[in-house]
Amino acid sequence: MEMIFALVFAVIIGLVIGYVSISARMKSSKEAAELTLLNAEQEATNLRGQAEREADIILKDAKRETNSLKKEALLEAKEEARKYREEVEAEFKSERQELKQTESRLTERAASLDRKDDNLTNKEKLLEQKEQSLSDKTKYIDEREEQLAELEKQKEAELERVASLSQNEARDLILAQTEEKLTKEIAMRIREAEQEVKERSDKMAKDILVQAMQRIAGDYVAEQTNSTVHLPDDTMKGRIIGREGRNIRTFESLTGIDVIIDDTPDVVTLSGFDPVRREIARMTMEALLKDGRIHPARIEELVEKNRLEIDNRIREYGEAAAYEIGAPNLHPDLMKIMGRLQFRTSYGQNVLRHSIEVAKLAGVIAGELGENATLARRAGFLHDIGKAIDREVEGSHVEIGTELARKYKENPIVVNTIASHHGDVEAESVIAVIVAAADALSAARPGARSESLESYIKRLHDLEEIANEFDGVKTSFALQAGREIRIMVHPEKIKDDKVTILAHDVREKIENNLEYPGNIKVTVIRELRAVDYAK
């Protein structure tokens, strides 16, 4: 039993040992198999990675080669295109050159043909002139032949008549012929003497005028219609214009002067044909720039102030001019009226300076001729006084000036000089003739007057006069070189519904009465202002 048990135990032990041994071998085999598998997988991975890298290298090489081929092909294409373009441009250039040469040849041929045509025309004219000259000469020769034939007939008849005359009849005939010849000679001598006297008198008159001009030596030239005001800097232009243009509109409406603001640095131009308005505008603009306060109320205040200042200056101008020509006892009212001529031009010539110049010339000429030089200067000074108020009073400046001289009891010679200096009435004194000559001399001096400027000013003045003729018009200003007429009306006389009608009527009258280039803008302004003061 124990043996069986021991045997069984031994068998069990053997089985256990065998199992353990087999298990160990099996585990070892499994681990070996797993290691082999891992190695195989690792090798496969390495091979795949190597294959992928080689494939990438091959792909990159292929792409690089492809890009290289593309670039080479593109460069070749560009080179071919460039060569083709150069060939085409060269061909076009050659064709253009040929066209230019052809055009030049055609131009030269045309010029040559024109010259030939001109030459032919000139030759034709010359031939016509020669033919006309030949015809005239032939006609003259024919006439002379006829005259000679007639003279021969007369001589034959005269000889026949003389042959039949007695001694007394022949003597009477000779005396008559001699008397006729002497009469012709005397008439010729008289004409020569008259011509000599005329030449000597002309020379004396010229000598007197030359002496007068040398002693006066006037340097005044034609005035312009613009004034310039210098600005401290360009920023002032914006302040002058004001918000939405209120300042510049107010300034132009109150002064009647165009304000021109352009690209000229630090300058504003004031343009207008009326020198008084332009001077008021200049003084106002300079005062605004100096004061720095630029707004509609301040503009209105300064315009009114400068109008009063101009009135005072007008009197000063008249007094200074009267003293300059030696007439200090002139009536004060006449001095003030003469002062207004400082702001009046005639054909661009300042009328006050013209009057002073005429006075001095008349004084010099009168002195040379032994006349009253003081009275001549006075008459010359006052000869154009009517121009100071001819825009306010009906009549010519000659008529107005004559009435003023009579009103202020001037010397009758002065009155007649004013009335006759344009030939409206007959001159009654030597002084009147002297002043007329001095007036013509001053006006005809080179640079003294400008016909085109006077025509321009007259057109603007006529434009304003047409507007002022309508009832209810307060004042009017011709602006923009006559391209616009701006009309201010009395608000109590012209209502809003009448403004358009007034503009239409003014436009119609301008079209019927004036000749002008382009268009004229008619602007009617009705302003109703209410002012009160809080106390």
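The backbone N, Cα and C atoms fix where each Cβ goes, glycine too.
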**Fill in**
Of 43-70, 99-126, the range Swiss-Prot tags as region 'Disordered' is 99-126
**Asked** Counting each residue once, how many in the domain 'HD' (351-444) are helix, strand and coil under DSSP?
**Response** 68 helix, 0 strand, 26 coil
**Request:** Check the domain 'KH' (225-285) for me and report the mean pLDDT.
**Result:** 84
